[in-house]
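Q: Got a structure for you, written out below as structure tokens; questions coming shortly.
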């Protein structure tokens, strides 16, 4: 958490400094007063250490050894020779030293170890060792002798004060640290109620709206939101009110979090960032407490922005999913609803949230007054992809054969994250080959790696298996070329990539937002082309078509159940029984049609798949010679691009192979 002062507009329009948010746990450091530097914790520790040393000194001075006056060894021999000693108690230690404590038959003037004299009948003397000869000498002189096992001063000290030392250590090093007194955001029972939001200053984030592309409408909406905070008078003059919240919706990788970073870089106000998962813990009430603490910090630093990433972790619809609602999550959501638009209003505090699961969010969270604006961020179109690629390649050296426009055309369906990964993979490939510039070949190899997976050339495949794979992929290629409405082929390979032994890659010429019946049937037909080719050539089929069959069945079932493309069943939605319950708002999926209708659905799905399979058989039977030639060349070269495929197969009813390169 930074304590850098961030400037924000004052009432007079000047730029003043706002107070940095106090770190978690209150006063940072041990014995630190308000305003003291972080180094203030060290004097507290030294004070504790000095107190311990003082206790040790007092013990050694007043409680160690014996309370009798200590005399010199020569004085001890003198009183012993004069037969003044009546009894002696010997305490022996592990280092063989001993302390002799004795009594005299009458008070005598004795010389102490500090060279002074004292009239006393008691004494003590330290000797390096106590032997049997010394014991016999004392016994012969009629001295009563008693021998005890003594303990060292340190052991005695620890025995007396160890419990207190341990307690003090626990207090300073455990409890105070766990309560956050050292300034750290400790994740423990004493700081559970504290918000874990990180405050970001304008000096920390370098990302701005100039670093974001392909989402022009979203940028426009968010720029207006930022302007609400920096120049509210412009909107207040005509009665406009600042929006309470902005919800960013869209699939993963489209730039929702990047937009939040850009807001932090553009807004000259405090910016609090937190994940939705950081609210809920194992203890009840923690989530609601953290929401309260977050908004309290935000109010102290208003105007400001709060960003909650993956808000579906805490904003899920109440009472949804298996087992009913989660009480702790519901309490957290209720507190969030109150803070956003409850009895008390939060002026000049805007909440921005991001999610890729808007379908599971609670309806109370989505209403106007809380999230006033819902901005959808979808995958970019060709112009958006071109703008994104220009941003990601502005610091990379490109060869003259790289055309960004062509590269954008050859990457339909790519999200912003996919495009960033594409540029990075191309740069890594160029660096691997000691290149100075990134070429079009590098981009093509990187795109193939993303679409088809990395090559596994080290994997050993027998000639028989390679031949089977070649005919399977050749079947896909020929059926696709001779089926109307199909996607153009980009590349075919029998080099193992990812988890597959071979692959046929398709690359549409344009972005598709809707699919007609002809296109869907073409997808099913060329998906089954590999299975049909195996049956025609080898008179048997293999497990290699398992994924193709799964995809074909899924498309056919959706055509009948969801998209109303069955002539006998009509345009009726029969639901999707394959969707997991916990991903939606329903407790369970109820089949809303009869057994007879279910049977009709199965029959329609089977008819669609079998019809497409017959079409694939017809194509391959007519093109059997081309199939053998294509498979043979594929076995020899292992990979064929679009131009090579077109030279072998010639034109067909479907789309021509797509020869586009970067």
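We count from 1, first residue shown onward.
Glycine is no exception: its Cβ is also placed from the backbone N, Cα and C atoms.
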Q: Can you find which of 401, 403, 548 Swiss-Prot lists as binding Zn(2+) at the same site as 472, 476?
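A: Of 401, 403, 548, 548 joins 472, 476 in the Zn(2+) site that Swiss-Prot records.
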Q: If I go by Swiss-Prot, the feature transmembrane segment sits on one of 19-39, 40-60. Which?
A: 40-60
Q: Excluding 472, 476, 548 themselves, which residues in that chain have a Cβ inside 8 Å of the centre of the Cβ atoms defining the Zn(2+) site?
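A: Same chain, not in 472, 476, 548, Cβ within 8 Å: 473, 475, 502, 504, 527, 528, 529, 530, 531, 533, 544, 545.
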Q: Could you give the Cα-Cα distance between residue 473 (active site) and residue 548 (Zn(2+) binding site), in whole Å?
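A: Approximately 11 Å lies between the Cα of residue 473 (active site) and that of residue 548 (Zn(2+) binding site).
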Q: Using a 10 Å radius around its CB, how many other CB atoms surround residue 476 (Zn(2+) binding site)?
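A: There are 26 of them.
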